[in-house]
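Below is one structure, written out as C-alpha cells; comments come after it.
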Amino acid sequence: MKLSGFVSILVLFGLLARVQGPSLADLLFPRRCPRFREECEHQERDLCTRDRDCPKKEKCCVFNCGKKCLNPQQDICSLPKDSGYCMAYFRRWWFNKENSTCQVFIYGGCQGNNNNFQSQSICQNACEKKSSLT
C-alpha cells in the first residue's frame, strides 16, 4: 500500500472517531493499564477479575498490589485525598498534585479512590516521575 493510501485511512479513522464518539476510537486505539514496578507490603484483595467486572469506561488492571477497576484516561495522581467511609486505621500514601509530593494519610478501609498507595515508594513510582515529565 502506498503512503498516501495509508494516510487516507488514518484520516478516515480520525473523522469516524469524531462522528461516532469515543467508543469507536477506544476500539481502534484501546487504552492500557498503568505499568510500574511495585514492591508490595501485602497483596490486596482483588476488586475485579476481568474488564467486564468494571464500569463502562474502566478496565480491570493490576495496580497498587491488587486488581482494581481503573479508567486509563483518568490521571489517578490528580485525584484528591479520600479516606473513605469506614472506620479502620490504615496508614497510606497519596500524591498531592499541588506540591508534587507523596504524603501520608489514614485510610478507613473502604470506598475512597485509587490515589491510595501502600507505601511512599509505590506512590513515588506511580506519580512523582510522571509529574516531573509534565
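The backbone N, Cα and C atoms fix where each Cβ goes, and this holds for glycine too.
Look at Swiss-Prot and you will find 1-21 tagged as signal peptide.
Averaged across the domain 'WAP' (26-73), pLDDT for the predicted model comes to 84. Annotation comment: Swiss-Prot describes 26-73 as domain 'WAP', evidence class sequence analysis.
For Cys61 (disulfide bond), applying a Cβ distance below 8 Å and a minimum sequence separation of six or more within one chain yields Cys33, Pro34, Lys67, Lys68, Cys69, Leu70, Pro72. What Swiss-Prot lists as disulfide bond is Cys33-Cys61 (among others).
Marked as disulfide bond by Swiss-Prot on the basis of similarity to another entry: Cys40-Cys65 (among others). According to DSSP, Cys40 (disulfide bond) is assigned to coil rather than to any helix or strand.
Taking a C-beta cut-off of under 8 angstroms and a sequence separation of 6 or more, Cys60 (disulfide bond) has the following same-chain neighbours: Cys48, Thr49, Arg50, Asp51, Asp53, Cys54, Lys67, Lys68, Cys69. Per Swiss-Prot, disulfide bond is recorded for Cys48-Cys60 (among others), and the stated evidence type is similarity to another entry.
Annotation comment: Swiss-Prot describes Cys54-Cys69 (among others) as disulfide bond. In the three-state DSSP classification, Cys54 (disulfide bond) falls within coil.
Look at Swiss-Prot and you will find Cys77-Cys127 (among others) tagged as disulfide bond, backed by similarity to another entry. All protein chains shown were included, and the count of other CB atoms within 10 Å of the CB of Cys77 (disulfide bond) stands at 21.
Among the features that Swiss-Prot reports, domain 'BPTI/Kunitz inhibitor' is placed at 77-127, with the record citing sequence analysis.
DSSP assigns Cys86 (disulfide bond) to coil, not to a helix or a strand. The disulfide bond annotation in Swiss-Prot covers Cys86-Cys110 (among others) and is backed by similarity to another entry.
Less than 8 angstroms from the CB of Cys102 (disulfide bond) sit Trp93, Trp94, Phe95, Asn96, Phe117, Gln120, Cys123, Gln124, Cys127, Glu128, each of them six or more residues away in the same chain. Cys102 (disulfide bond) falls within a strand segment according to DSSP. According to Swiss-Prot, the feature disulfide bond maps to Cys102-Cys123 (among others), an assignment based on similarity to another entry.
The region 'Interaction with SEMG1' annotation in Swiss-Prot covers 102-133 and is backed by similarity to another entry. Tertiary proximity for the region 'Interaction with SEMG1' (102-133) is limited to same-chain residues at least six positions away from its ends with a CB under 8 Å from its CB atoms, namely 34, 36-42, 44, 63-65, 68, 70, 76-96.
Swiss-Prot lists 117-133 with the feature region 'Interaction with LTF'.
Every protein chain shown contributes to the tally, and the Cβ of Cys86 (disulfide bond) ends up with 13 other Cβ atoms within 10 Å. Other C-beta atoms found within 10 angstroms of the C-beta of Cys65 (disulfide bond) number 18, with every protein chain shown included.
Cα to Cα, Cys40 (disulfide bond) and Cys86 (disulfide bond) are separated by 23 Å.
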